[in-house]
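Trainee: Provided herewith is a single structure, encoded as structure tokens, for subsequent inquiry.
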Amino acid sequence: MDKNELVQKAKLAEQAERYDDMAACMKSVTEQGAELSNEERNLLSVAYKNVVGARRSSWRVVSSIEQKTEGAEKKQQMAREYREKIETELRDICNDVLSLLEKFLIPNASQAESKVFYLKMKGDYYRYLAEVAAGDDKKGIVDQSQQAYQEAFEISKKEMQPTHPIRLGLALNFSVFYYEILNSPEKACSLAKTAFDEAIAELDTLSEESYKDSTLIMQLLRDNLTLWTSDTQGDEAEAGEGGEN
């Protein structure tokens, strides 16, 4: 199937909410080796975000059930085995994306904007792996996530306006990484607050086409700050990551 057909099929799959099909189409487009257009890049990102998001959500539910069934050995074993099955799926998806990023997407990125987008994506998918990692593996995975976010963050500060939705989305997710994965609420708050304040100070640089995206992410940054600085330290913190682009 040629590239245009694959892209059309991915759009059709998106409308049908068949994200596994959508991801498979965009994976094939990526493997053809050409740099992706903005539209193709967004289709790839949306597809995998939904595919991995379904597993992350299932994993949380089953993990919670597993913890609640302590003492009921049979039930707990069933929940544990099911959680492990979901984890395997989740890892396979993340490794698929990380392989596309390493082989094609990051090396082919010719603009700072694409480079930041893909490095942020690398940080995100290592973060999803870190959520389910345990033991010796975990530290290496967390380091990979942090390095990708940090590299993206440095490029974005040099090359992009503080109001750019990709720069803001990166700050949002990097701050969630500090809060959730590194358990560093101070660092998470400082990063989110700086990103929010810098964007507010330059609101006049907001371009018309990204106005909606940028203001939505600014709202999420502010919501997270409110949540993180209040005493309620619950896992709702993750909610702040839901509206990134």
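Here the Cβ of each residue, glycine as well, is placed from N, Cα and C on the backbone.
Pasting the relevant annotations from Swiss-Prot:
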type	residues	note
MOD_RES	Met1	N-acetylmethionine
MOD_RES	Lys3	N6-acetyllysine
SITE	Arg56	site 'Interaction with phosphoserine on interacting protein'
MOD_RES	Ser58	phosphoserine
MOD_RES	Lys68	N6-acetyllysine
SITE	Arg127	site 'Interaction with phosphoserine on interacting protein'
MOD_RES	Ser184	phosphoserine
MOD_RES	Ser207	phosphoserine
MOD_RES	Ser210	phosphoserine
MOD_RES	Thr232	phosphothreonine
Trainee: Tell me the Cα distance separating Lys68 (N6-acetyllysine) from Ser58 (phosphoserine), rounded to the nearest angstrom.
Mentor: 16
Trainee: Find the one among the recorded positions Met1, Lys3, Arg127, Ser207, Ser210 whose C-alpha lies closest to that of Ser184 (phosphoserine).
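Mentor: It is Arg127, whose Cα lies nearest.
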Trainee: Rank the modified residues Ser58, Ser207 by how many other Cβ atoms lie within 10 Å of each Cβ and give me the one with the fewest.
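Mentor: Comparing Cβ neighbour counts within 10 Å for the modified residues Ser58, Ser207 gives Ser207.
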Trainee: Which has the fewest other CB atoms in a 10 Å radius around its CB: Lys68, Arg127, the listed recorded positions?
Mentor: Lys68
Trainee: What's the CA to CA span in angstrom from Lys68 (N6-acetyllysine) over to Arg56 (site 'Interaction with phosphoserine on interacting protein')?
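Mentor: Between the alpha carbons of Lys68 (N6-acetyllysine) and Arg56 (site 'Interaction with phosphoserine on interacting protein') there are 19 Å.
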Trainee: Return the member of Met1, Lys3, Ser207, Ser210 nearest to Arg127 (site 'Interaction with phosphoserine on interacting protein') in space, with distance defined Cα to Cα and candidates limited to these modified residues.
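Mentor: For Arg127 (site 'Interaction with phosphoserine on interacting protein'), the closest Cα among Met1, Lys3, Ser207, Ser210 is found at Ser210.
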Trainee: So if I measure Cβ to Cβ from Ser210 (phosphoserine) and keep only same-chain residues at least 6 apart in sequence, which ones fall under 8 Å?
Mentor: Thr163, His164, Pro165
